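Participant: As listed in TrEMBL for this protein:
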type    : residues                                               : note
BINDING : Ser37, Met38, Gly39, Gly40, Thr41, Gly42, Lys43, Thr44 : ATP binding site
Amino acid sequence: MHAASRIYARAMSLRQHYLLRRAWTAPVPVVSVGNISMGGTGKTPVCAFLLKHLLAWGQRPVLLSRGYKARPPHYPHPVHPLDDPGCCGDEPLMLAQIPGRLRVVVDPSRKRAAGWALRHLRPSVFVLDDGFQHLRLHRDLDLVLLTARDLQEDWDRVFPGGRWREGVQALKRADLFLVNTRDKSVDEMKSLADGRLRDFRKPVIFFRIKVNSLQRLGDKISTYNIQSRQYLLISAVAGPEKIFSSAWDFLGYPPVKHLIFPDHHPLERRAVQEIFQSARKMGVQDVLCTAKDAVKLRPQAGLNFWILQTGLLFSENGEETLLEVVRHACSGIEKQVRPDP
């Protein structure tokens, strides 16, 4: 390991020991969805999956998010489905638009957000988005997402010499590993995971994110194809190549152009002008985007914006296992609760 990486990993280990001893325990179950690496692993789709099932079970979930690049007037900020994405962040806004008794609260301090939510929202369960390193709040279930890159070239390569936020020993905190197979075969990923994760003796579930349909921005008309078979793909997400392959796999043909913006980029006037110019130059009217990017867009005359509607596809009995573990964590086991923060 790089010398600077060893120092950073040691500092993060000391931080872990310090914060875990002082973590506040909420009076309701806390489920954390996170990762050990920097970058996208599929946390937001997994959060959406869990929230929908919690709602179906009659729970009152509150999602606690840092709100990356959010600029609310104050913290904590309860997200309204019609908020401006610049106020609350694109991912929290997308999750807040899930139908049902779901609330999203944005605050860099999940502990402070949890205390506020308990006083004002009466949650039955908290879901922490990107919560693996947020140790000030005790969790009842720690779900850790990994990719092939984590299990191969990035394994235990800690910042600044790599993409990991902590050293490999931090994975001992995980209760369950969710491995995003992406374009790898399940058998290949099982072999990788067995070699890397066997000694942790925790369940390992394999999944990938799959496009299910296209939904038109504004009127929610759904389709499974594009009549012209020509489209412009836009994305402002981590790992845009994943969006490219997902759209191609779903439709069976690639975009005429993939317009890539930085992750979380605000798709405001200048970006919309660039989209219009690219579509006009390519002679297309259909523009595909992710649900995360759709919350930053409005219907535009002359263009059809189609949202890639995605879901999680699990291998074998992975979905049943995950839901059973989550249900058990939310089963109302009596907790030793510390005073409100």
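Glycine too: its Cβ is placed from the backbone N, Cα and C atoms.
Note that the coordinates shown come from a computational prediction; the quantities given were computed from them, not determined experimentally.
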Participant: Using a 10 Å radius around its CB, how many other CB atoms surround Met38 (ATP binding site)?
Facilitator: 13
Participant: Which are the residues of the chain, Ser37, Met38, Gly39, Gly40, Thr41, Gly42, Lys43, Thr44 excluded, whose CB is within 8 A of where the CB atoms of the ATP site average out, their centroid?
Facilitator: Asn35, Leu145, Thr147, Ala238, Gly239
Participant: Given the binding-site residues Gly39, Gly40, Gly42, and counting only Cβ atoms in the protein chains shown, which has the most within 10 Å of its Cβ?
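Facilitator: It comes out as Gly42.
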Participant: Using a 10 Å cut-off, grab the number of neighbouring Cβ atoms around the Cβ of Ser37 (ATP binding site), all chains included.
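Facilitator: Result for Ser37 (ATP binding site): 21 other Cβ atoms within 10 Å.
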